[in-house]
Amino acid sequence: MEYVVAAVILLVVLVVGAVGLVVPRMRRRELPPPPTSGSTTTLERPPTEELPPLIEKPVEKPVVVEPPVVEEPVVEEPVLERPAPTAGRLVRLRARLARSQNALGRGLLTVLSRDHLEEDDWEEIEDSLITADVGVEATQVIVERLRERVRVLGTRTVAEVREQLAEELTAALEPDLDRSLNTTPHDGRPSVMLVVGVNGAGKTTTCGKIGRVLIADGRSVLFGAADTFRAAAAEQLATWGERVGAETVRGPEGGDPASVAFDAVKRGIDVGVDTVLIDTAGRLQNKVGLMDELGKVKRVVEKHGPVDETLLVLDATTGQNGLEQARVFTEVVDVTGVVLTKLDGTAKGGIVIAVQRKLGIPVKLVGLGEGPDDLAPFEPAAFVEALLGGDA
Ligand SMILES: Nc1nc2c(ncn2[C@@H]2O[C@H](COP(=O)(O)OP(=O)(O)OP(=O)(O)O)[C@@H](O)[C@H]2O)c(=O)[nH]1
């Protein structure tokens, strides 16, 4: 009997043990399969960074006391411009001229390339020059001389005749005339330059450009805004001055131009500049008024000493008409040089020859654009090359 009881107990123990082993295995089988190495499933790690820190340190933030923002006025140092050097300017600006002169150059070269120059051909050459505003008289002289040279030469090539025409045009421009500007101070005072011309011719702009030319060449300049008729003119001139570091003496709008001119020269003497440039008004509606005003400006300025240079500014686009206006000025003041502006805007560059011939005054400067450095000392040979549109 005892054996039976012992056997039953043993059986129960075995059964309980077997059940204990089987049940956990069955549970494990119900779990999802573990990820294999080729699977794209990504292992998700617990975001350790998101775990709360074990000990939270209190973050000490410095207390910043922002000063109140005080806006200081920005003092801008004026940046002075450096004008382009004047040497070789005409050659540099030649393209401007050549562009508007193409018709003349091409026309002339077409005629010159003909085998035999007949009477009609010479007339065609004359017409081309007259159309370019060279002037009838000057054209006749030029063509006559060219014909003579071609006749004497006998055989000729286009290049040779073109060269001879260039020489004749250059000769008509009197290359030996003195075209220098009288801008050197003397007798302990600055050189004084008056700039005159009809309104719109480009006086104020030219004054500014000349100032830059002089400064580029190492001179010191002072502007006198004696065009009190147009308030904007004084403003315009002062702006030119600020850009290159030249002082501008101005007067009240509608004030006495002679008084501004006088003050400008006085100031120029006091501060010891090299050149005083005086811009004047150019109302031509009333010739008597203009004569009176300009004459007075000149007389008053001359209380300080003689005017050294009087430049007449002429708009090249007004052609032969401009010549008549120019004459009025030569009657009032002793014009020593001509500035021919806006040559970039006309195909009639021949006006330079006509102006010099009619007025008997050298063209000293030419304006070839609105840009600040678009003013060039006049060089006859370089100008003619641009006129004919060939190689220099
Ligand atoms: N294309 C071109 N324009 C020029 C040239 N010179 C001057 N101008 C322009 O001509 C216009 C008249 O120039 P101003 O200098 O104001 O003429 P102004 O003679 O002083 O005129 P007033 O003060 O009214 O007597 C301006 O728009 C200039 O930019 C030049 O050589 N070429």
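Cβ coordinates are placed from backbone N, Cα and C, and glycine is handled just like the others.
Copied from TrEMBL, the annotated features are:
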type: BINDING; residues: 197-204, 279-283, 341-344; note: GTP binding site
type: COMPBIAS; residues: 37-53; note: compositional bias 'Low complexity'
type: DOMAIN; residues: 362-375; note: domain 'SRP54-type proteins GTP-binding'
type: REGION; residues: 28-53; note: region 'Disordered'
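DSSP states for the domain 'SRP54-type proteins GTP-binding' (362-375), grouped as helix (H, G, I), strand (E, B) and coil, give 0 helix, 6 strand, 8 coil. Among the binding-site residues G200, K203, T280, R283, residues whose Cβ is positioned under 6 Å from ligand 1 are identified as G200, K203.
Its Cβ placed at the centre, T280 (GTP binding site) has 31 other Cβ atoms within 10 Å. Under DSSP, T280 (GTP binding site) is assigned to a strand (E or B) in the three-state scheme. Residue with the densest Cβ environment among the binding-site residues K203, R283: K203, by other Cβ atoms within 10 Å. In this view, L343 (GTP binding site) is surrounded by 29 other Cβ atoms within 10 Å of its Cβ, with every protein chain counted. Neighbour counts of Cβ atoms within 10 Å were compared across the binding-site residues G197, G200; the minimum falls on G200. Look at L343 (GTP binding site): DSSP puts it in a helix.
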